[in-house]
Amino acid sequence: MRRVLIKCGGSVIDSLTPEFFSSLQKLISQNYQLIFVHGGGPDINEMLNLYHVKPEFHNGLRKTTEQTMKVVEMVLSGHTNRKLVHLLEVHGLNAFGLNGSDGKCLQAKYINKEQLGLVGEIEAVNQEVILMLLRENIITVITPIGISKTGEKLNVNADHAAAAVARELNCHYCLFVTDVDGIYIDGNLVSNVSEEDIHTYITEGKITGGMIPKVKSALAAIEKGLERVMIVSGKKAFFDGRNWMGTKIQGKAGILQ
Ligand SMILES: Nc1ncnc2c1ncn2[C@@H]1O[C@H](COP(=O)(O)OP(=O)(O)OP(=O)(O)O)[C@@H](O)[C@H]1O
Ligand SMILES: [Mg+2]
């Protein structure tokens, strides 16, 4: 069995198209097992706004106070996860939502408590529940909230969580589904980028904001030997059964993977 980890951006959940879902169906018909991790930036910002809390980011990572964490969990788990599970079900796919801290699925540690607060990075993944659901042909939809060794819930950037789950579950592909067709440089969509390109583009300010944790996570996934890592749009088809649409991340310049 071959596995695909799909990170679905909060930016695009409300705009996923039938063509996107038919790409998923094509993967399933080719015997791929799917696992989802979702983001939820816009939903969180909307709710924080209601609570008059100003979003604050460091290198694309959300600074998370205890108050922010309550909102993050309520929104991601109670709203965004439910929305994506429902959409998959409506499109004929069996899906099951899982908060990352449930069953110690996403085990995380603080990145920098002073600077970022309750923000974690994944140390290990308890695969038990995910594998149990996969055996029954059920897609797990994971909310990126981790649990620390001391039992605190930590906000994990969804792109980082996706790369970690892809690695731990020995996925073959990792797709970052977002609200743009891929990486744009000087107004043009690029179909392949190397690690060197990515570092240059970040330094030159051509890759910014939420695209930074995405490309860094993509590189981390490539390093672990994933066969295909791509940034694709959720607003159109990303796979027609043979060809892929979007930006493919390559490990080293010139080496096609
Ligand atoms: N070079 C680039 N090419 C394409 N998009 C870029 C680039 N640099 C920055 N971006 C921004 O990155 C955004 C995608 O990241 P963003 O974090 O907003 O969405 P997401 O990760 O899909 O959603 P969420 O963070 O809610 O899970 C794009 O909408 C675009 O504004
Ligand atoms: Mg993002």
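The backbone N, Cα and C atoms fix where each Cβ goes, glycine too.
So that you can see what the record holds, here are the features copied from TrEMBL:
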BINDING   GLY40, GLY41, ARG62, ASN155  substrate binding site
DOMAIN    3-233  domain 'Aspartate/glutamate/uridylate kinase'
SITE      LYS7  site 'Transition state stabilizer'
SITE      LYS214  site 'Transition state stabilizer'
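Overlay of TrEMBL annotations on the structure.
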{"residue": "LYS7", "record": "site 'Transition state stabilizer'", "Cβ contacts under 8 Å, 6 or more apart": "PHE36, VAL37, HIS38, GLY39, ALA158, ASP159, ALA161, ALA162, CYS174, LEU175, PHE176, VAL177, SER217"}
{"residue": "GLY40", "record": "substrate binding site", "Cβ contacts under 8 Å, 6 or more apart": "GLY10, ILE13, VAL72, VAL75, LEU76, HIS79, THR80, ALA158"}
{"residue": "GLY41", "record": "substrate binding site", "Cβ contacts under 8 Å, 6 or more apart": "GLY9, GLY10, SER11, GLY210"}
{"residue": "ARG62", "record": "substrate binding site", "Cβ contacts under 8 Å, 6 or more apart": "ILE44, PRO55, GLU56, THR68, VAL72, LEU116, VAL119, ASN155, ASN157"}
{"residue": "LYS214", "record": "site 'Transition state stabilizer'", "Cβ contacts under 8 Å, 6 or more apart": "ASP159, PHE176, THR178, ILE231"}
Listed recorded positions adjacent to ligand 2, that is, members of LYS7, GLY40, ARG62, ASN155 whose C-beta is under 6 A away: none
Environment of GLY40, GLY41, ARG62, ASN155, the listed substrate site - residues of the same chain whose CB lies within 8 A of the CB centroid: GLY10, GLY39, ILE44, VAL72, LEU76, ASN157, ALA158
Mapped DSSP class for GLY40 (substrate binding site), helix or strand or coil: coil
Distance-selected recorded positions near ligand 1 (C-beta under 6 Å), from LYS7, ARG62, ASN155: none
Other CB atoms, at most 10 A from the CB of ASN155 (substrate binding site): 27
Max pairwise CA distance, angstrom, over record-listed substrate binders GLY40, GLY41, ARG62, ASN155: 12
Across the domain 'Aspartate/glutamate/uridylate kinase' (3-233), average pLDDT on the 0 to 100 scale: 95
